[in-house]
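Student: Have a look at this one before I ask anything.
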Amino acid sequence: MRPYYIAIVGSGPSAFFAAASLLKAADTTEDLDMAVDMLEMLPTPWGLVRSGVAPDHPKIKSISKQFEKTAEDPRFRFFGNVVVGEHVQPGELSERYDAVIYAVGAQSDRMLNIPGEDLPGSIAAVDFVGWYNAHPHFEQVSPDLSGARAVVIGNGNVALDVARILLTDPDVLARTDIADHALESLRPRGIQEVVIVGRRGPLQAAFTTLELRELADLDGVDVVIDPAELDGITDEDAAAVGKVCKQNIKVLRGYADREPRPGHRRMVFRFLTSPIEIKGKRKVERIVLGRNELVSDGSGRVAAKDTGEREELPAQLVVRSVGYRGVPTPGLPFDDQSGTIPNVGGRINGSPNEYVVGWIKRGPTGVIGTNKKDAQDTVDTLIKNLGNAKEGAECKSFPEDHADQVADWLAARQPKLVTSAHWQVIDAFERAAGEPHGRPRVKLASLAELLRIGLG
């Protein structure tokens with residue numbers, strides 16, 4: 001019996017979790033064999049683990065060791081630098097595989113939709129994070145970090161990452177895998193204050209406690225919260241929201257009780273505040289902030305309502321971190337409102353053999369580990385459908401050398417195709433470059449350099 005040929009488009013956590021689930025199912029199920037091909041638009045795998053997780057969070061990045069173990073399986077192949085929708089089309093993949101899983105994530109950002117948002121100095125967190133993580137698509141972002149104050153819009157972990165990177169001592173960052181160009185820009189330490197702005201209150205903030213607590217470890221940085229921001233919030237209020245919220249409020253109160261120290265840089269939290277307008281002649285110079293109040297919608301949820309109160313704050317950099325958003329893949333359905341591919345249980349609506357996992361399936365929610373169960377759920381649906389196809393004599397017929405034919409086809413469509421062997425060359429090069437400096441790796445930040453090293 002031939003193996004089932006499965007393609008996975010994307011190579012982030014949800015993609016690798018799906019691959020691991022497929023291979024495990026083959027190991028534990030009689031008469032079930034799998035051959036998994038992973039297609040990635042970049043020459044490098046791991047998705048946001050490589051290009052999204054902050055460089056000063058190496059423990060989170062260590063999950064890549066699990067991915068490496070999956071990639072070592074002889075039933076697994078990696079093909080990088082191939083763009084689905086450009087080099088190959090979804091319909092062509094569906095013809096050549098028994099099933100195709102799309103794990104393409106949420107590659108865009110949500111806009112603020114306010115005047116001045118397009119001024120130089122106003123950028124999306126997805127761009128800024130990609131820039132300091134050496135994602136080749138964001139090499140040219142080059143934000144101006146010479147100003148004294150930055151404003152980060154958003155109350156999630158990504159907003160904390162951005163603020164922390166802006167204020168962390170560059171000598172500390174120099175021991176991480178941060179992009180060299182980002183380290184060079186951060187070295188002058190021009191930014192003295194980062195203001196984190198959230199439209200709702202502390203009870204509604206989406207930070208995780210670990211991320212919030214570690215801010216206390218920033219050398220030479222004060223975390224500043226006006227005690228009035230926490231007035232009226234009881235332990236019972238926080239506990240009613242959840243355990244994480246209760247812990248967060250405790251941490252925030254600790255920061256609010258501290259006295260700022262002279263000469264320290266500042267990370268300032270502002271709640272119940274929304275951006276109204278970004279001002280400047282040729283670049284960001286000021287931001288207009290509006291004060292909000294919380295109102296109930298009658299169903300137990302609260303929303304931020306503008307009070308009409310305004311404040312103008314000098315700022316030279318504005319980073320919007322109000323959420324990621326999926327983008328359409330040519331040839332696949334797309335729900336523009338949610339930024340996801342419509343599906344039922346992971347199976348794409350109207351398709352017999354196409355599936356989704358991760359953020360493109362459910363939206364940009366949860367942490368890396370959330371994708372594990374999400375991927376397993378989709379794989380369970382996929383395997384069940386494969387069994388139904390087999391029983392109904394709908395199983396595809398492929399020649400014995402089908403895997404070789406697919407590899408040749410991909411190489412013909414993309415002559416600069418990156419294989420697992422090529423990626424291993426890139427990986428070894430980056431690690432070797434970092435070793436003399438006590439860094440885990442020095443990332444290659446341009447597509448041209450990645451291909452030059454990988455392909456030789």
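Yeah, the Cβs are placed from backbone N, Cα and C, and that goes for glycine too.
Below, the features straight out of Swiss-Prot:
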type	residues	note
BINDING	Ser14, Glu40, Leu48, Val84, Trp359, Gly366, Val367, Ile368	FAD binding site
BINDING	Arg110, Asn155, Gly156, Asn157, Val158, Arg199, Arg200, Glu211, Gly366	NADP(+) binding site
Student: What are the sequence-distant neighbours of Ile368 (FAD binding site), meaning same chain, six or more residues apart, C-beta distance under 8 angstroms?
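Tutor: Pro13, Leu48, Val49, Ile60, Ile63 - these are the non-local Cβ neighbours of Ile368 (FAD binding site), listed in sequence order.
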Student: Can you give me the same-chain residues 6 or more apart in sequence from Glu40 (FAD binding site) with a CB-CB distance under 8 Å?
Tutor: Gly10, Ser11, Phe78, Phe79, Gly80, Asn81, Val82
Student: Taking 10 A as the limit, how many CB atoms besides its own sit near the CB of Leu48 (FAD binding site)?
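Tutor: Cβ-Cβ neighbours of Leu48 (FAD binding site) within 10 Å number 22.
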Student: In which DSSP state, out of helix, strand and coil, do we find Arg200 (NADP(+) binding site)?
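Tutor: DSSP call for Arg200 (NADP(+) binding site): coil, neither helix nor strand.
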Student: For Trp359 (FAD binding site) and Arg110 (NADP(+) binding site), what Cα-Cα distance in Å is obtained after rounding to a whole number?
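Tutor: Rounded to the nearest whole number, the Cα-Cα distance is 14 Å.
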Student: Which of the binding-site residues Ser14, Val84, Gly366, Val367 has its Cα closest in space to the Cα of Arg200 (NADP(+) binding site)?
Tutor: Gly366
Student: Give me the non-local Cβ neighbours of Arg110 (NADP(+) binding site): same chain, 6+ apart in sequence, Cβ-Cβ under 8 Å, ordered along the sequence.
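Tutor: Once residues fewer than 6 apart are set aside, Arg110 (NADP(+) binding site) is near Arg320, Val322, Gly323, Tyr324, Arg325.
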Student: Measure between the Cα atoms of every pair in Ser14, Glu40, Leu48, Val84, Trp359, Gly366, Val367, Ile368, the residues the record assigns to FAD, and report the largest value in Å, rounded to a whole number.
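Tutor: It comes out at 26 Å between the most distant Cα atoms.
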Student: Val84 (FAD binding site) to Gly156 (NADP(+) binding site): how many Å between their Cα atoms?
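Tutor: Pair distance, Cα basis, whole Å: 31 Å.
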Student: Arg200 (NADP(+) binding site) has how many other Cβ neighbours within 10 Å of its own Cβ?
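Tutor: Looking across every protein chain shown, the total is 18.
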Student: Reported as an integer number of Å, what is the Cα distance between Val158 (NADP(+) binding site) and Gly366 (FAD binding site)?
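Tutor: Gly366 (FAD binding site) has its Cα 12 Å from the Cα of Val158 (NADP(+) binding site).
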Student: Which residues does Val367 (FAD binding site) neighbour through Cβ under 8 Å, counting only same-chain ones at least six apart?
Tutor: Thr208
Student: Just jot down the residues in the same chain as Gly366 (FAD binding site), at least 6 apart in sequence, with C-beta under 8 A of its C-beta; none if empty.
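Tutor: Once residues fewer than 6 apart are set aside, Gly366 (FAD binding site) is near Asp374.
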Student: If you draw a 10 Å sphere on the Cβ of Trp359 (FAD binding site), how many other Cβ atoms land inside?
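Tutor: For Trp359 (FAD binding site), the 10 Å Cβ neighbour count is 29.
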Student: For Gly156 (NADP(+) binding site) and Ser14 (FAD binding site), what Cα-Cα distance in Å is obtained after rounding to a whole number?
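Tutor: With the alpha carbons as reference points, the distance is 21 Å.
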Student: With the cut-off set at 10 Å between Cβ atoms, which of these binding-site residues ends up with the most neighbours? Options: Ser14, Val84, Val158.
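Tutor: Ranked by Cβ atoms within 10 Å, first place goes to Ser14.
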